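Okay, structure first, notes after.
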Amino acid sequence: MASGGGGCSASERLPPPFPGMDPESEGAAGGSEPEAGDSDTEGEDIFTGAAAASKPQSPKKTTSLFPIKNGSKENGIHEEQDQEPQDLFADATVELSLDSTQNNQKTMPGKTLIPHPTQEATNSPKPQPSYEELEEEEQEDQFDLTVGITDPEKIGDGMNAYVAYKVTTQTSLPMFRSRQFAVKRRFSDFLGLYEKLSEKHSQNGFIVPPPPEKSLIGMTKVKVGKEDSSSAEFLEKRRAALERYLQRIVNHPTMLQDPDVREFLEKEELPRAVGTQALSGAGLLKMFNKATDAVSKMTIKMNESDIWFEEKLQEVECEEQRLRKLHAVVETLVNHRKELALNTALFAKSLAMLGSSEDNTALSRALSQLAEVEEKIEQLHQEQANNDFFLLAELLSDYIRLLAIVRAAFDQRMKTWQRWQDAQATLQKKRESEARLLWANKPDKLQQAKDEITEWESRVTQYERDFERISTVVRKEVTRFEKEKSKDFKNHVIKYLETLLHSQQQLAKYWEAFLPEARAIS
């Protein structure tokens, strides 16, 4: 390394000639002398390699530590046709020998030598990976775990009855006791799992997938009513919603590592979840807390330092409004499709009755065939109504609830910021109080004031770290959520279009088969 003394000349700082170095090379390495008065500057340029590359117009001669060809220029810039580019970093370390350098120049023409990193370059901070890169690294870990919910079973009678679902897990992860296992869970167990996960992870900025909403009317029909089509339809909708909810839970890497999730999937019997009923004391308290948080959120005016969070929150709010409108339209479509199926069935019955009373044999047969076609079309309309609901309406409903959780993550970050600001304000008051005590010359209270200042300084530091940590988590969670949403919508839309295509193909096939019967009418 270059010494700090300004009186040393460049020739005194040159290293001794390398073994095997011919006289011409030695002369080329040490023959040129720097101009007077520029020894310090040129010495620094040689070792850092900055000035020689950035000042091509300078006529000053530079001292090279390696042999160069005769056709090279002396201003630090060399023509590519005449010689290979010089490396001025190579003298920063003694590990590079001349022989190896010359061999590299012979075997790799036209390429710049790669120097060993200097101490300054080694100590320089590495660039932090972006959140997208972190997310891609996270997605490289494939979680081989699939859950399925089947066999809804009504247990008990009357209002004390409940429905138990079979939760089957298939996995190759070593954290579980076996590769496949099954347990029985009721709806309140799913709600209890969400409450536990939300209590632990939501305050840190994580997006905990929400369970399906409660339905007092639907469950009342199941409890006190008979097993009819409406009860079976309600249970199927809830089963599918619970399966999607649980699959989102286990797909989240943080949630999967939670012991409550593993206990939910493996343990035969769980303690009864309390506070999950809508009209219970705990439920009413949660409603009150939500209302209080909504009011407090309106009073917080956050000075956003990162424009990304402000723009992303606006996107989430706008998307939630659009999804709500689209969901309302899709629900109307489902109802119209069901009405169409019902009216098509009535139309088929009327055609069958008309065909049975017709005297013309060909016309009677054609009407009977048309009635059969309409019955098949009624089945197509019913199947498509179910596809409209399960593939489209339920998807929109899920993401409306998920976007509400995303907004809650932004709100939690805002609350963390407000706590940090409140601590800073309190610290400022403590310091002002200490100044007044010093001015009033009250040493008996001064030590207590200093202790309080120390305590609040540590709190401010901790709250600032909490805010930085939750900001990082929220950004990463939103990025992950958007990728999962895109993949989810793509899969569901493709399936939905396939069902529409299949329905139209079947419809065309039915009409093509009926056309000869219509032409045979005489």
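Heads up, the Cβ atoms here are built off N, Cα and C, so glycines get one too.
Under the heading compositional bias 'Polar residues', Swiss-Prot lists 55-65 (among others).
Under the heading compositional bias 'Basic and acidic residues', Swiss-Prot lists 71-80.
Positions annotated as compositional bias 'Polar residues' by Swiss-Prot: 98-107 (among others).
The feature phosphoserine is assigned by Swiss-Prot to SER32 (among others).
Residues or ranges marked as phosphoserine in Swiss-Prot: SER39 (among others).
If you look up Swiss-Prot, you'll see THR41 (among others) marked as phosphothreonine, on the strength of similarity to another entry.
What Swiss-Prot lists as phosphothreonine is THR48 (among others), and the listing cites similarity to another entry.
Positions annotated as phosphoserine by Swiss-Prot: SER58 (among others).
Summarising the annotation, Swiss-Prot assigns phosphoserine to SER72 (among others).
All protein chains considered, the CB of SER188 (phosphoserine) has 17 other CB atoms within 10 Å. Taken from Swiss-Prot, the feature phosphoserine covers SER188 (among others), and the record attributes it to a large-scale study or a structure entry.
Using a 10 Å radius centred on the Cβ of LYS237 (N6-acetyllysine) and all shown protein chains, the other Cβ atoms total 18. In the three-state DSSP assignment, the secondary structure recorded for LYS237 (N6-acetyllysine) is helix. Here Swiss-Prot flags LYS237 as N6-acetyllysine.
Taken from Swiss-Prot, the feature phosphoserine covers SER280 (among others).
Feature annotation from Swiss-Prot assigns region 'Disordered' to 1-142.
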Task: Pairwise CA distance, LYS237 (N6-acetyllysine) versus SER188 (phosphoserine), rounded so that it is a whole Å - done: 16
Open item on the list: With DSSP assignments reduced to helix, strand and coil, which class does SER188 (phosphoserine) get?
Closed with: helix
